[in-house]
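Student: Below you'll find the structure I mean.
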Amino acid sequence: MLVLSIRIKVWQTMESEITKRIVVPELEDILYKEHKVLDKGFVRLVDYMGSDESVVQAARISYGRGTKSVSQDAALINYLMRHSHTTPFEMCEIKFHIKLPIFVARQWVRHRTANVNEYSARYSVLDHEFYIPELDHVATQSEDNAQGRGNSLSNEDAQYVTDLLKRDSDMVYETYNKFLIKGVSREISRISLTLNYYTEWYWKIDLHNLLHFLRLRSDVHAQYEIRVYAETMLEIVKKWVPLTYAAFVEYCLESQSFSKSALSVVKKLIAGEDVAREDTGIGKREWRELMDVLADK
């Protein structure tokens, strides 16, 4: 075993010395490490290709590192991001191993620009692991957003909800086990399980489409349970491509876009004019969102 261990270490050392691929030390440090998300989930980086350098190289259609400075690279990446030149960002790819509740996975796969291979409950038995929200995340239905949360319930009501969720989740797993013991096929037995049970998958995507995913899913309006995954992945992207990340924050993540009518309102307000919503043709919701942006809420 000692000889084998030495050989493995020598091979790993040789590999790191002879590789010609772009290596990001900050990512090498976290390869295969679990980043805990929710109560039992995680995000684990398993592979990546490229870096900020790859984006710049693709944009310049050149080979090698060249002689450009970091400031010039940053300026170019800012330009690409600002003007939505997406192809250079597609030259970088990243692959994650993710453990997440099934209901989160069903939202996630609406982003169809990634490669996914999921744990199959047709071939394997699912573990007795399910998601139960923290009490402060159990809330009423939002009154102005058909797919969002409103105010948090009282601790007593939230505890009642989570107790029932746990009871039902345990109960359906007991039923699942009974089916398996009876010899019922795994593909039928799994039907009894609830959407809060955990699944796992490998998820590979290019940088451009990853940023689009993260812009939508890290937004405050995204469901909390998927947002925390996006926030974890954002931190990994920050280590991977810091120049691209900075441009993304500047021009996408923390920027605002306006409709033609909203932009007209902004111009009038800057000019000191009084503007009434009824005179603009803007709906109540868009108007409220515009006023919130201008008030920096």
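Note: Cβ is positioned from N, Cα and C throughout, glycine not excepted.
As annotated in Swiss-Prot:
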DOMAIN    41-251  domain 'ThyX'
BINDING   Thr87, Arg110, His111, Arg112, Glu118, Asp206, Leu207, His208, His212  FAD binding site
BINDING   Gln107, Trp108, Val109, Arg110, Glu118, Tyr119, Ser120, Ala121, Arg122, Arg190, Arg217  dUMP binding site
MOTIF     110-120  motif 'ThyX motif'
ACT_SITE  Arg217  active site, involved in ionization of N3 of dUMP, leading to its activation
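Can you tell me where each of these features sits in this structure?
Tutor: DSSP classifies Thr87 (FAD binding site) as helix under the three-state reduction. Cβ-based neighbour count (10 Å, all protein chains) for Thr87 (FAD binding site) stands at 12.
A C-beta separation below 8 Å, combined with a sequence spacing of at least six in one chain, links Glu118 (FAD binding site) to Ala105, Thr199, Glu200, Trp201.
Sequence-distant contacts of the motif 'ThyX motif' (110-120), counting only residues of its own chain at least 6 positions beyond either end whose CB sits under 8 Å from a CB of the stretch, comprise 126, 199-206, 209, 212-213, 216.
Summarising the environment of Arg217 (dUMP binding site), the number of other Cβ atoms within 10 Å of its Cβ, over all protein chains shown, is 21. In the three-state DSSP reading, Arg217 (dUMP binding site) counts as helix.
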Student: Reduce the DSSP letter at His212 (FAD binding site) to three states and note it down.
Tutor: helix
Student: Would you kindly give the Cα-Cα distance separating Arg217 (dUMP binding site) and Leu207 (FAD binding site), rounded to the nearest Å?
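Tutor: Just about 15 Å between their Cα atoms.
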Student: Output, ordered by sequence, the same-chain residues six or more apart from Val109 (dUMP binding site) with a CB under 8 Å from its CB, or 'none'.
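Tutor: Non-local contacts for Val109 (dUMP binding site): Val116.
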